[in-house]
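Right, one structure below, let's go through it.
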Amino acid sequence: MFSRPSLQALALSLLATGSLVHAGPCDLYASGGTPCIAAHGTTRALYNAYTGPLYQVKRGSDNTTTTISPVSAGGVANAAAQDTFCASTTCLITIIYDQSGRGNHLTQAPPGGFNGPDIGGYDNLASAIGAPVTLNGKKAYGVFVSPGTGYRNNAVSGSATGDEPEGMYAVLDGTHYNDACCFDYGNAETNSKDTGNGHMEAIYYGDNTVWGSGAGSGPWVMADLENGLFSGQGTKNNAGDPTITSRFVTAIVKGKPNQWAIRGGNSASGSLSTYWTGARPTVGGYNPMSLEGAIILGIGGDNSNGAQGTFYEGVMTTGYPSDATENSVQANIVAAKYATTSLVSGPALTVGSSISFHVTTPGYTDRYLAHTGATVNTQVVSSSSTTTLKQGASWKVRAGLANSACYSFESTDTAGSYIRHSFFTLLLNANDGSKIFNEDATFCPQAGLNGQGSTIRSFSYPTRFFRHYANVGYIASNGGVHAWDNPGSFNDDVSFVVGAAFA
Ligand SMILES: *[C@@H]1O[C@H](CO)[C@@H](O)[C@H](O)[C@H]1NC(C)=O
């Protein structure tokens, strides 16, 4: 037997030979003396030697699961394995594995002090296909958190408690956020309840202004320290915390006794900047901190789950990482070359064309997606229908209002009104130009789940698809709390053949 080098020694030797690019983020943290106690990434391995599971997905067709691992040691996730496993059905991310060896996996968040509006129990799981990207040209999937979605581990090994030092980073989608509470990744309460100031230390991303804010109108990287999102000292504005404009953002929060910092940068290029560094907030309860050591993703410490965002990778460390260590991690992230990729698949749609959506469910194939006033429904339409009905069942394809890689569908008879979802029901509403309307009215088609035509995925709730149920239009998930989420005939009800418009 020969003794194997420790990861730290390995990373140091890699550093010594100048092969920085071969050391993963957690090799770099280890070499800096602040090792990862949790490493979460659905997109790639975060240690250069890691070959274990990255995440688990569960498919709707038979409720079975599979594990997605890197294609090679230290490499990008095997997205092709997911695509094969999830073909012609729906898939959810059920476990985000901890790569540190400590078993600090993230799973569906349990109910907390705040009960979500969508389900009164556990939070929702993320779609496995809501956040496709490429790393160095290879496809991988992030974790797309819609409101109501959350992951958590309340029994973490090795995390900071009390006033102990820690660091963390996350790579996020800079364009996916809202102002609700709270899209977080980091250290939180172990009972899923608000236990007071200083009981959390997590990265927050969004444009909430209830507690703190930065320059411009947001979104910002802030720290959720419980009962406050902090951009700097106090709970007010820090002009040094900039509005983020990059598609990919590296967000960093770290803390130690009476000292903490916020740092950030563009994950696709350049270096990190320090947005805040200094003493703990002088408001009571934050010095010393009272950390509990759970880990949350996509939610607040009390399970507040109204926020949205996208997580690609992130870690928690023990010890307060040096800026130099974090700078080398940022260089590694940049070298991973995060980039966007297509959000749509299946039959192509052409912006500017006029189309109809033909129902494929057996027994209903004389029906098309139409509207009666604001209600989106299915109606029996044919070449001999009235002009009014033909127009009501005809839609103009527009570039997606929230994301031009997807589409929006404008009414033919009511210019300026679009199909949007509201409380998971499809409506025809006038475009009010708001961010929420744009998101509610953007859809990303994929190949039809029943093998026919297209399935029209909601951009903002990618576990949900256009569905006709009792002849009314919804965005439905494959199983869920609403009647229209019934898994019976799901694949047929969400598959529509897109054809020429009637009018
Ligand atoms: C999957 O599990 C859910 C919840 O337990 C159940 O309602 C559904 O029928 C199952 N689906 C299949 C295909 O077994």
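Note that Cβ sites are derived from N, Cα and C of the backbone, with glycine treated the same way.
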If you consult TrEMBL, the disulfide counterpart of C181 among C91, C182 turns out to be C182
Smallest Cα-Cα separation from C182 (disulfide bond) among the recorded positions C26, C36, C86, D302 is shown by D302
C406 (disulfide bond) and C91 (disulfide bond), compared by Cα position, are separated in whole Å by 20
When the disulfide-bonded residues C36, C86, C91, C182 are compared by other Cβ atoms within 10 Å, fewest goes to C86
Residues near E226 (active site, nucleophile) by Cβ (under 8 Å) yet at least 6 apart in sequence within the same chain, in sequence order, are A188, E189, D194, T195, G196, N197, G198, H199, M200, G301
Residues near C181 (disulfide bond) by Cβ (under 8 Å) yet at least 6 apart in sequence within the same chain, in sequence order, are N208, V210, G300, S304, G306, A307
